[in-house]
C-alpha cells in the first residue's frame, strides 16, 4: 500500500526539475484535510454547524464550518512557508502571507475550503477544492492580485477532498488523476484509485431541475433528450443531484455522467466560481479524459479571469455528453434572442 506522502515523493523523484516545494504544499493541504475531516465528524456534537449570520462577498450567508475550514487551511499553508498568498471563496480579497519565507516562495493557492457546507447539518457529503499556481510576481515581495488572476491552463496542481462515507483526496499535477482514501484508524491516505478515467459516455446527469424554467433553451432540450426512452443509447438517463459540487462531480467521475450549472435568468453569468471551483475541477476532469466547458465550446481552463469571485456557466463530465449538450446549446441559441 502506498501512502499519499510516499506517492508525492515518488512523483517528485520522477521530475528532475522538482525542488520539493509543491510536495510540501500538498502535505500542508493533506494535514488541513485531516483536521477538517475530524471536526466534520463531530459536527453534531460541538457548536460548529449552522449559519454565522454574516454574508460573504457573493451575498451568501456563511456557515460556521466554512470559516473554521478556511482558517485551518490558511494556517496550515502559512506554516509551511511555501505559499506567498491564498485566495478563498470565504475571503473578500486575497490574503498575502508576509513572513519572509512565504514572501520568497513561488506559489499561490486558491480554494473553496468547504464546498456544500449548507448540507452539513443534514449529514450530506461535503468537500474541499483547491488549486495551485506559480506566482507571476517577483519572489521576495508580497503577492499581488495578478498572481491569482491566471487562466486554469497555468495550474500546476489541483484537487478536491470528499468527506463522505469514506474520506477521499483526488488530485492531479498534469500527469493523470489519482485518488487516495483515508484509513480512519490511522489517519493516513492510501492510494486507492490510480490514473482515474471517466467513461466517454455515461447515464447520469446532475443539474438542479428546480430551476428548469430559468434554463437556456439548449439545456431544456438536452434534459428532454436525457429523459426520452431509447434503448440503443441507454436512455432515459438517471438524474442525480446532491447540491454539493464535489459529491456530484466525484460520482460522475467514477461512473460516467455530466454535471451542469448553466447560466439562468436570475444568474446570467452562472453561479459557480471560475477560480475556486471550475478551474480545479476542469483540470482534474481533463486529466481523467473528460471535458469541462462553459456550454459554448469554450474550454473552462482557457477563460481569462478578470476578478477573484468571477462566476461562469459550467458543463463538466463525460466527453460525449458534453459534446451533445453543447451541440444543443448551439442549435437552440437563436431561440434565446
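Glycine is no exception: its Cβ is also placed from the backbone N, Cα and C atoms.
According to its DSSP assignment, residue 112 (Mg(2+) 1 binding site) is in a strand. With a cut-off of 8 Å between CB atoms and residues at least 6 apart in sequence, the same chain places 88, 89, 128, 129, 130, 273, 276, 277 near residue 112 (Mg(2+) 1 binding site), listed in sequence order. As annotated by Swiss-Prot, Mg(2+) 1 binding site applies to 89, 112, 114, with the evidence given as sequence analysis.
Annotated Mg(2+) 2 binding site per Swiss-Prot: 112, 115, 277, in sequence order, evidence recorded as sequence analysis.
Around residue 115 (Mg(2+) 2 binding site), the same-chain residues six or more apart in sequence whose CB sits under 8 Å from its CB are 126, 127, 128, 129, 160, 244, 245, 246, 277, listed in sequence order. Per Swiss-Prot, the feature substrate binding site maps to 115, 116, 117, 118, 208, 241, 271.
Recorded residues residue 271 (substrate binding site) and residue 114 (Mg(2+) 1 binding site) have their alpha carbons 16 Å apart, per Cα-Cα distance. In this structure, residue 89 (Mg(2+) 1 binding site) belongs to neither helix nor strand by DSSP; it is coil.
Taking the mean position of the Cβ atoms of 89, 112, 114 as the Mg(2+) 1 site, the remaining same-chain residues with a Cβ inside 8 Å of that point are 66, 69, 70, 88, 90, 111, 113, 115, 117, 128, 129, 276, 277. Within the same chain, residues at least six positions away from residue 241 (substrate binding site) with a Cβ under 8 Å of its Cβ are 206, 207, 208, 209, 248.
On its own chain, residue 116 (substrate binding site) has 124, 125, 126, 127, 242, 243, 244, 245, 246, 247 as residues at least 6 apart in sequence with a Cβ closer than 8 Å to its own Cβ.
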